[in-house]
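Before any comments, here is the structure.
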Ligand SMILES: Nc1ncnc2c1ncn2[C@@H]1O[C@H](COP(=O)(O)OP(=O)(O)OP(=O)(O)O)[C@@H](O)[C@H]1O
């Protein structure tokens, strides 16, 4: 044995030290930090832009003051003359006598008094003139100046603009547009006229009117208990009170730090912000894009860029024809096309030329509106469901460093060995497959191809995003019968271009959005590409807003082709060109059994999905409006008729008659009101509505066709 010392051998595992937590530490000193936060320090002492605007306002004030003074003196002169006339003609005495019908008795008395007051006037004038004359002789011409100045100041004080002073407000005040930027009182009046604040209430100026882009921005605080949400809701009334078109008025609630429920940021454009020529997409200037970065989508009225996050969410685009739906969906696609690590499925049921160029980059591509295309889509969806399930299975087996949550990460999506690229499915005119009545038989169950597509899409939209699947659906018919409510509920982002009425707008944007001030049926037909975006996640402009009006970038066919060619070149360089784009369509991997099992687990076992498709009106509208409220366990028990009539914009008696025709009759029920008092109100039990839906569905299924295609 040797005498060499033997070092102990340690058996251990190498672990990476977790990163030390980083806590927020203010970079500025205490004083600077207090200065910036304190509500007592005026904003113009905190911000350069506000200070510059304050200086400009001060200069404007000084320049305008001689004219204001002159105006006040003239008004004072008129007010003084009016007062003197009333006094000299003994108007009050005369009116009192007239009212008591004793004018004839008092006539001599009034006349004497009038004469006396004329004499007093004459005497005062003579005495004043004499005093001024004597003073002039004794003290020199300066006296005349002093007298003139004192009189002018006195008249200006008398004639100053005061709230409620009679006779000081012009009946027609001339154009109101932009006067509020100089005189905040005009803004207060506009809020009062629009009934957003009471007669005795006023606004508090938080940030003075500042020039911002092609318009003016101002931030105000509403009186306590008034809500910014109500101002957003009644934007139209406020626009009318300010004499601007409502597309020119942007109203936002200020949120987070420095914001509260009563703080309103307003921006008024000088002219229609959407009348300028459309802008080209900035993607044309970039060689490639990262699908994980929000895709440049458009600009809001203030010309701030709006980017749309796509990964981990899905998008529904709805509008009447020719408003720019396809263009909007293509913008979303363009960002993904420029990332060679994304896989694209494009189904164009418009069957036009709009999507043609995508064929050179897409893994799967089809264009057509026949039943065979719908059945091909069913195949794609089944394949995608199998792929999503496979990804979840594989993610479970990955270590925590590669896959920290059951969610795909940017690194995972780019790792060719894992084979989990961001995969996007674009379906234009999705109403075509959803309305397809071809009877199909899946695993022994009879249903229409449209219903099957609806259920498969719902499952994909629900489970797909976390596994890196992006679903983009565009529809020309955003009505409740076409897009099942179960599917709509799981589509994260919504973009509504112009639609026919508020109901269609709500179907795209979500229930009650019109009552919150977002109604895309009010957009102008001439504003192509302008729509209301309800994003899922943060968009660049107006972060934290519920929805915003956006004008999409204009990407005509030639630009679209350029981007698709660029996308193809990138894929060729990275070796990621697959499927249809290579000229060899890969055979579909179909497992209907697994798909049916999945959608069975995903939708039907969650309880009935309350879909309006196939139901007669007004039951379909009721089901759309109530959505999950119809749920037996989590939903409501009773819905007042008044609420339904208002929400559906129907006449209550006719509505009750139609519902009775469907065997669903109203009942009187005791309901506690907002004040806590219990009242008897007429309405419908949700159990009755559910029963009516089930009855109608059963009747429909009984009459379904029988020449089914067996897909299993
Ligand atoms: N951002 C935009 N700026 C200006 N014009 C636009 C914009 N987006 C679309 N358009 C115009 O609107 C027209 C219609 O667009 P698009 O084909 O996308 O409509 P659509 O809603 O898909 O129509 P359809 O329902 O018939 O398929 C386009 O030809 C284009 O000229």
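Cβ coordinates come from backbone N, Cα and C, glycine included.
Automated prediction, rather than curation, is the source of TrEMBL annotations.
Taking TrEMBL as the reference, the stretch among 142-159, 160-177, 178-195, 196-213 described by the feature transmembrane segment is residues 142-159.
For the ranges 95-115, 116-136, 221-241, the feature annotated in TrEMBL as transmembrane segment maps to 116-136. One way to see the shell of the ATP site is to take the Cβ centroid of 319, 320, 321, 322, 323, 324, 325, 326; the remaining same-chain residues with a Cβ within 8 Å of it are 476, 497, 498.
Counting Cβ atoms from all protein chains shown, residue 322 (ATP binding site) has 12 others lying within 10 Å of its own Cβ.
Cβ neighbour counts within 10 Å, taken over all protein chains shown, single out 319 as the most crowded of the binding-site residues 319, 320.
For residue 321 (ATP binding site), the same-chain residues that are 6 or more apart in sequence and have a Cβ closer than 8 Å to its Cβ are 476. Look at residue 325 (ATP binding site): DSSP puts it in a helix.
For residue 326 (ATP binding site), other Cβ atoms within 10 Å of its Cβ number 22.
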